[in-house]
Amino acid sequence: MSLKRSDDYQDLEEGIAMEDGGNIKDEEEKPLDPIEEQNKKRWVLIRAVLGELLCTFLFVYVLCATSANFIRLGSPPNPVVGGLSTGFAAVALIYSFADVSGAHFNPAVTFATCVTRKTSITKGLMYVGAQLVGSVLASLILLATFPGNFPGDKNAASAVAIAPSTDANIGNAFLTELVLTFILVYVIFAVAFDTVDNSVKTKVVGKSSSNNLTIYTTSGQTKAGFAPIAIGFTLGFLCFLGGSVSGGAFNPARVFGTALVGNNWTRHWMYWIADFLGAGLAGFAQKFFSSTHK
């Protein structure tokens, strides 16, 4: 969920902007030798992958712990509390990790960035691997922080595992996951990536004389600044939708760790295929509507 264009590596800074008497000037840095430059790029990638692992761990743990706490208290699931905790956690984590890894914490989001060529396949595979490790670690920590048996003689991980409703067929659940993931990824691509000219710092108003249609748009920088809030709100309201049908995952990392640790693989494949399909369609759809699309 990057707040900037998701290139394979950050470009190295070529100069340092320094203020001298109110004027800004560039001071050239000594070029790095090829080995040093390669090492720096490698470290940036390693840091990004580790950041994605930690970000996913925190996100999945918050969601699972919220559900586990309700179950231990004997309270029925509360979609409002679940939506708020999901949204707030997403906002905090995106602000915290956006400049480290891009804060995807969702294999479907990473897949969409790969198929739209915002992320390389190699980096995407490393991200997905890190996300799955983070998901498993979150489920293991959940067992340590919520001990004892849950209803149905389940452990904490299996108790909060997401699965389709028993009264919904596979088509209902598949389509629900696809649509919810499409909404999420479309919003992420629309607000988190540079879709307009960043050199435009102010709002642009265009008016068509033929039909009196006024179009308002904002700069990429303005949109990116509010991206964590927009994404958090989207995750929050999506929690109110589809939970009674598919379980409302729209994130394969949310279901993988609990499925592995809790040994609950009910229709697990659906959350990968439906979510990846919805994410890919959303990425291409947003690219089509983007102002930079040629």
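Numbering starts at 1 and runs along the chain as displayed.
In case you wondered, yes, glycine gets a Cβ from its N, Cα and C as well.
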**Study point:** Check: LEU73 and PHE146 same membrane side, Swiss-Prot record
**Key:** yes
**Study point:** Touch test for the transmembrane segment (269-289) and the transmembrane segment (80-100), at least 3 Cβ pairs under 8 Å
**Key:** no
Check your understanding: Are there at least 3 C-beta pairs under 8 angstroms linking the transmembrane segment (173-193) and the transmembrane segment (80-100), leaving out pairs fewer than 6 apart in sequence?
Key -> no
